């Protein structure tokens with residue numbers, strides 16, 4: 001009667017509507033897994049592919065955390081305590097602070113930062129080691145900019161006019177700067193003032209501190225008392241006032257520091273020397289000073305040439321962010337200040353579906369003809385230091401406002417590259433699938449190349465170029481939302497099957513259409529390979545991966561950076577010679593070999609060995625040349641020419657007889673379907 005009832009055991013039914021969609025197994029003959037889910041397969045394939053490389057000397061150094069002074073024990077600070085502590089700090093290796101387009105430290109500076117050279121040896125002639133021999137060789141006329149000041153006592157500069165209204169700043173810079181929020185901007189200024197006050201209070205009362213230690217551990221000489229300006233811990237010394245004014249009041253000091261901080265965060269140097277002032281100040285050629293003019297309006301095409309310029313000829317810490325430094329000849333690219341009014345910027349590309357205005361204002365760059373003039377303008381100080389927050393502020397001006405995490409969901413990682421990862425996401429409001437490229441700003445080899453991901457794809461739109469929808473700054477990451485091409489990369493296809501000549505011609509014609517358009521706008525892709533070619537399910541071919549591209553112009557007609565993927569690099573890139581758009585044609589020729597043979601030349605060699613063979617040997621040949629027609633061999637020979645001047649252009653190749661075999665995009669659909677079938681089933 002009172003016995004406890006047994007609970008009924010729950011009945012578990014068999015699965016309903018069960019479908020065995022995924023079955024993963026290992027093929028011992030091929031030595032690989034088969035039947036993996038697409039996102040897993042993409043990750044494995046990505047890890048096997050060679051990664052693009054960047055010149056190691058151009059890798060952006062990570063900004064060091066500010067050093068905290070810890071006083072232990074019962075030591076009582078004396079009059080020389082602070083100065084002695086600063087001398088000890090100066091011997092620490094803090095020379096690797098983050099700079100945009102900064103040159104690697106010279107051997108002299110590395111020895112100084114490690115304490116191998118004494119202070120007296122450095123103070124004997126510090127200006128001798130401000131530039132490396134390479135920079136003096138490539139820029140004999142002295143390409144200098146003192147964006148944040150930096151003149152020794154007695155050397156005056158023309159002051160930068162204070163912006164009185166939003167109309168005073170070009171390209172809508174005032175509106176963009178206000179979008180950052182007054183609290184954020186004022187907070188940065190207050191931190192700068194607090195650091196400045198700590199530096200000034202470290203000296204005994206009544207005396208001026210003999211030396212000020214910058215962030216990079218390099219001594220900066222103080223000016224005389226009648227010309228002394230407050231030293232910003234972020235942007236270096238100030239620009240001297242005209243008219244022989246004395247020391248400014250504390251209120252003027254604060255406003256001046258805020259102004260210089262604003263300029264260091266948002267102003268850059270263009271490739272042109274045009275001035276926007278109606279009354280330009282001529283540049284004296286025989287006096288040891290430099291003249292500067294207000295910012296000018298600039299097109300977004302010239303912006304990229306400034307933002308992603310080659311860093312090989314630029315000394316560390318001498319330029320402000322987003323400067324151009326690659327030049328083919330000093331006579332053509334280095335110009336003195338013009339005496340006339342502004343020059344019109346290059347108009348938007350003719351083939352672009354929509355026109356956008358540049359969102360970064362730029363200042364003018366003037367080149368003194370006498371190297372001693374530039375040295376006097378710099379005053380032996382490091383002026384081009386860009387902190388992580390300043391770089392984020394500059395990047396924030398070219399991206400869209402908002403938080404994409406509120407608009408997207410269902411993230412699935414589908415790939416990984418040298419700059420970040422790629423995820424597949426779904427838009428909440430439309431249900432459309434988009435590809436999201438997420439790049440951590442702190443983990444970039446060259447963070448300034450991130451501007452390419454935004455500016456190039458935004459301003460240059462073409463039927464054969466992957467469309468970019470939006471770009472956002474999410475915390476410490478740059479998110480770029482692009483169209484999702486479900487056909488995958490060309491690499492996936494050619495690794496499984498071989499293309500016939502009609503299919504090869506169809507791919508080449510689409511890529512050449514994109515290159516002809518980009519080259520006409522002065523854009524060099526610099527990473528053409530099968531991984532950068534994406535396909536849609538209906539067989540359309542599109543060019544992607546603009547993270548390593550560069551822009552050339554009349555003022556910067558050539559580049560010199562070692563950028564690209566080793567097996568596809570042109571000989572002139574490997575040999576560090578000046579190059580232009582011809583390097584993309586060579587890489588396309590290597591990609592044609594890849595479509596015929598299944599892999600690029602020298603793929604079994606190490607990347608370094610392959611680069612040596614590409615640089616020193618004759619142009620590579622097809623392994624199976626007997627399998628292709630003579631017209632395809634001639635098409636390939638027009639691209640793989642060692643002399644860039646003799647190499648065919650993209651427009652010339654579009655008229656080649658081989659492209660008469662070009663078929664409709666549907667001819668590539670069987671290849672896409674075959675690959676998807678092989679990766680989804682055993």
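Here the Cβ of each residue, glycine as well, is placed from N, Cα and C on the backbone.
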From 200-256, 428-484, the residue range that Swiss-Prot assigns the feature region 'Disordered': 200-256
Of the residue ranges 1-30, 511-540, the one that Swiss-Prot records as region 'Disordered': 1-30
Of the residue ranges 132-170, 561-599, the one that Swiss-Prot records as region 'Disordered': 132-170
418, 561 as recorded positions, winner by CB count within 10 A: 561
Residues of the region 'Disordered' (1-30) by DSSP state, where helix covers H, G and I: 0 helix, 3 strand, 27 coil
Count of other CB atoms lying within 10 Å of the CB belonging to residue 420 (ATP binding site): 23
Distance [Cα-Cα, Å, rounded] between residue 418 (ATP binding site) and residue 527 (active site, proton acceptor): 12
Maximum Cα-Cα separation (Å), residues 414, 415, 416, 417, 418, 419, 420, 421, 422, 437 listed as binding ATP: 14
Distance from residue 561 (phosphoserine) back to residue 414 (ATP binding site), taken between C-alpha atoms, in Å: 30
Number of other Cβ atoms within 10 Å of the Cβ of residue 416 (ATP binding site) across all protein chains: 15
